[in-house]
Each structure stands twice: as C-alpha cells, then as structure tokens.
Ligand code: SF4
C-alpha cells in the first residue's frame, strides 16, 4: 500500500488511485461526503499531486487588467459588474492600458491577465485593438485574454465564428486564454446564477476551438454557493471529457465563492475545510489535467498554503490590480512580492518554481530581477 489510509470505505478508490485508474461519478460523490475523512482524501490527492508534479510549487509574476466593469449581464454571484451610469463604472482608455502594460514590464511581469465586463457601447474592435496595442508595445508580455463568455459576446456583436474571432485575437497578440465563465455547468444551477450568458455547450465550443488551434487555456469552477456535490462532480467530469479529446487545458482553478456585495450575500462563504476538500477531489477527478491552482486571492493565504498538500501545485502569481474578488469582499492583499510568495511555498515544504503562463521555467538575472529568460524545461511526472 503506497498511500497511508485506514478508511475501509476508501479501499476501492485508493486502489484505483495507486493504479492510476480513473475515478467515477460515485467515487467523486463519496470523496465529497463530509463523513469521508478529509485528511484521507487529502492524502490521496497529495499522492497524485506528487506523482504529477513532484515537490514543485509554481508561481508567476503577473498583473491583471480589467479594461471595463460595465456589463450587460447580471450574474447573481458577481460584485464586479457595473451599470453604465453607476459611479463605479469605468472603461479604460488607451493611455491607461499602456500604463498598465508598462507597470507590468517595469515590475518584471511575464503575464497580463485580461478579463472584464461586456460593455454594450464598445465594439468588438475596441477589445481586439486593446490586445494589439499591448502586444505591439510589450511584445514579451504574454497576454492571457478573454474568457469563453467574452468570446461568445464578440460572436454576438460581429456574427463571426468562434474560430475567426480566436484567429483575429491570436493575430493581434493573444497568447492563451483564462478559464473563467465556467461557474457551474449544470443547468439546474447555471440557469439560476447566470441565465443569460454562454451556456455549458458554448463554453466548451470556445475552449475546444482554441485547443484545436493550439491555443492553451485554463479551466475553473465557482463553488460554495447554491450548487451541491453532484453539480461539482458533474462539472469536473465534463472538463475531463474535453481534456481527453483535446489535451488543451493546462490548469484547473477551483474558485471559492465570495458573497459580499453580490446577489447571493445571504450565503456564507465556503469554509477552509470545504476549500481543501474541493481542491483534493478536483485533483483526484481531473486525472488528465497537469496542474491545480490554489488561487490565494480567493482562498486566503493560509488555506492556499495548506492546499499545496491537498492536490494543488500552483499558487497563481504575485498579482497586481485584482478587482473582481476584492469587490466581493476578499480581504487578501492586492499583491504579494516575489519573496513573500516564495517564502509561503518554502514554508509549506515545497520547492518554488517561477513559471510563465504556459508552464516554462523562468530564470531571473540576480543583478536585475526585472529581466527574465526561459530556463531548463520542467520535467513533470505521470
Ligand atoms: S460575472 Fe462577468 S458576465 Fe457576469 S455580470 Fe460579472 S462581469 Fe458580467
């Protein structure tokens, strides 16, 4: 027996995990049951985490750019969006976009994470030219831009196909895509929290098309609101199925719901124990996705650190200008320094590795840390 465990009900799952066999929906539900000891679920997830990623824990140096918060939709979980005439509504101009790119480069960032609202008075070209402007001025900065929901909005605006839009974005400088907008795929939940925006089949069509074009993407799940364990496992299995087909997802990010200032503010935010269980179950179900990210902005720093022993192998980045979850009451800092994020990783008993957006190792010039170059390839396990 490779994994220390005493729970007889987990024997079948433990055997499958050790043998590298796929877990079923029922396995996922058993692992999600609060009566199943969390530390044993964590030990199973840690076994898989170390088999895939050894002792590495990844981070990157990144900045967020939310070009507008004005949005036609009203997802009930969202505290970020604004109406056009609200005082908090904004849309960045070119000078602000350039200033954000310059700030990122000056601080040694390798990535800009670009998402935002669906502004009904902005044309598709505004979004497209924003990518081009950044890429032209900062060609070394990787632009991780637009969720599937935004691509679907551009489709609506232009009547162009998903593939044409992605080709135009790639030509303008988009390097990869974030995994937002997934929320919970099951219609029982999706129709109650974001009934108007791209449904599950559209979300998957966008990611499938990106993968077929060789564009890597991330994937997410928003949990801890009105969904139950069945909806979460169903969500994970849908992601696993597309990954079987395309192998284009790099990392899964479970996103803990933050209720403040949202239409679901009566719901308590998920506990740290739930956060760790969702992380561990996700690691175990998503046997074909290489990385699991503990997004410290949402989890809080302590839980994110603990998650490195519950399946996670990535802490996201140093992050600057995060608005979406701070608007929803996240009390985490708005950025971590490189020293802070590395110390968190070392304290958790892991080896920090700086990566770029697509998981190449990054090395820095110690005399000038804002200068970076690609390091030796990262060798990843099974
Ligand atoms: S989650 Fe995105 S699409 Fe939904 S209201 Fe917020 S900004 Fe708009």
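We number each residue from 1, going along the chain as drawn.
A Cβ is built for glycine as well, from the same backbone N, Cα and C atoms used for every other residue.
What TrEMBL says about a protein is an automatic prediction, not a curated fact.
Source: prediction; values computed, not measured.
Marked as domain 'Radical SAM core' by TrEMBL: 57-290. The [4Fe-4S] cluster binding site annotation in TrEMBL covers 71, 75, 78. The annotation S-adenosyl-L-methionine binding site is assigned in TrEMBL to 77, 183.
Here the Cα atom of residue 183 (S-adenosyl-L-methionine binding site) is found 11 Å from that of residue 78 ([4Fe-4S] cluster binding site). The Cβ of residue 71 ([4Fe-4S] cluster binding site) has 22 other Cβ atoms within 10 Å, all protein chains considered. Other than 71, 75, 78, the residues of this chain whose Cβ falls within 8 Å of the Cβ centroid of the [4Fe-4S] cluster site are, in sequence order, 73, 74, 77, 80, 81, 117, 194, 197. Ligand 1 lies under 6 Å from the Cβ of the following binding-site residues, listed in sequence order from 71, 77, 78: 71, 78.
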